[in-house]
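S.K.: The structure is given below, and queries will be raised subsequently.
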Amino acid sequence: MSDKIKDKVDLLGMDRAELTEFFASIGEKPFRAAQVMKWIHQFGVSDFEEMTNISKSLREKLSKTALIRTPKIVSEQRSADGTIKWLLEVDNHNCVEAVFIPEKSRGTLCISSQVGCALECSFCSTGQQGFNRNLENWEIVAQMWVANKALGCKPKEERIISNVVFMGMGEPLLNVKHTFPTARILMDDNAYGLSKRRVTISTAGVVPAIDKIKESLDVSLAISLHAPNNALRDELVPINKKYPLEVLMPALHRYVEGGHSKKHVTVEYVMLDHVNDRLEHAQQLIELLGDLPCKVNLIPFNPFPNTDYKRSSNNAVHRFKDALMEAGVNCTVRRTRGDDIDAACGQLAGKVKDRTKRTLQTVNLDKLHG
């Protein structure tokens, strides 16, 4: 990036308050923030000259002081089932993936929050990639910007992207500095106007940040549980050694009890053959969840290169589901989507390693989530 560009303010990742402050700094009135925000996010404009209801003098001023940075689209892959995966280059070395999953009643965009992941979950392709860095505001919201533009989304028309889930590459709650402001942009009526219940942050269990969601965002929460006891979860989801179940579960109860709206937690549980899919595991899960308002989402494992795990049989999955349902636990089996383009759950980054600057490092989790 040239020094000339470095001196400019990047507007893509700014929320309305930040944009208002920026316009004040260049002698403009507060209403300009909402005006420009609509152009950027609702109309997909990245060139100030296209903002036709803004004076020529202001467009010239913006061109000298600001920019709207967008990522390079390295590839777009379309699955037979309609799923679309974008590989986006956010700098000269790093790529991230975003996935759009169309359904009859909604369209869900799955976005990434980090380049790689520090948590090293043993069944996840991204976890085997290693961790490089957190994504910045603009790099996260750019995934929505790209998808919105690629899908031809327009203001005042029926939403194509109705839901956004932070379930792509990385652990969102180890990057609250950037995921939280991005969530606010997604929910701003001058940007994408999503309701709080249509924005979901998924976590492997970063307990201090779960409490921050309740306090400052009030969006939906999904927990990547995957095991009903500490011994097995230590193996599958290593962050459990730092935040074991006896610490995690009370945090989930605090989440559903806080805020202004009735909440539940989505519990993600990947089904691994002869690892966590037996009826004894189902019974342990029933006891663990207790009276927590939740929905369990059973996820058939999606294989990736060099993994020893296998997908549970359909019979095992449905036995597990039936046991939960009989105990009164709301449970569904996720339909695998996009596996033919490596866009299914757990497959992201499986073929991105060569395009990503891999950094194997010991990560201080406390420092990372701030």
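Even glycines carry a Cβ here, placed using N, Cα and C.
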S.K.: According to Swiss-Prot, Gly170, Glu171, Ser224, Leu225, His226, Asn302 bind S-adenosyl-L-methionine; so which of Ser202, Ser312, Ser313 is the extra one listed there?
M.R.: Ser202
S.K.: Sorry to bug you, but what's the C-alpha spacing from Ser202 (S-adenosyl-L-methionine binding site) to Cys117 ([4Fe-4S] cluster binding site), rounded to the closest Å?
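M.R.: Checking the Cα atoms of Cys117 ([4Fe-4S] cluster binding site) and Ser202 (S-adenosyl-L-methionine binding site) gives a distance of 13 Å.
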S.K.: Mean pLDDT for the domain 'Radical SAM core' (103-340), rounded to an integer?
M.R.: 93
S.K.: What's the number of neighbouring CB atoms sitting within 10 A of the CB on Leu225 (S-adenosyl-L-methionine binding site)?
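M.R.: That number is 29.
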S.K.: Translate the DSSP assignment of Cys124 ([4Fe-4S] cluster binding site) into the three-state scheme.
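M.R.: In three-state terms, Cys124 ([4Fe-4S] cluster binding site) counts as coil.
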S.K.: Hey, which of the recorded positions Glu97, Glu171 is the loneliest by Cβ count within 10 Å?
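M.R.: Output over recorded positions Glu97, Glu171: least Cβ neighbours within 10 Å is Glu97.
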S.K.: Fewest other Cβ atoms within 10 Å: which of the recorded positions Cys110, Cys117, Cys121, Cys124 wins that one? Let me know.
M.R.: Cys121
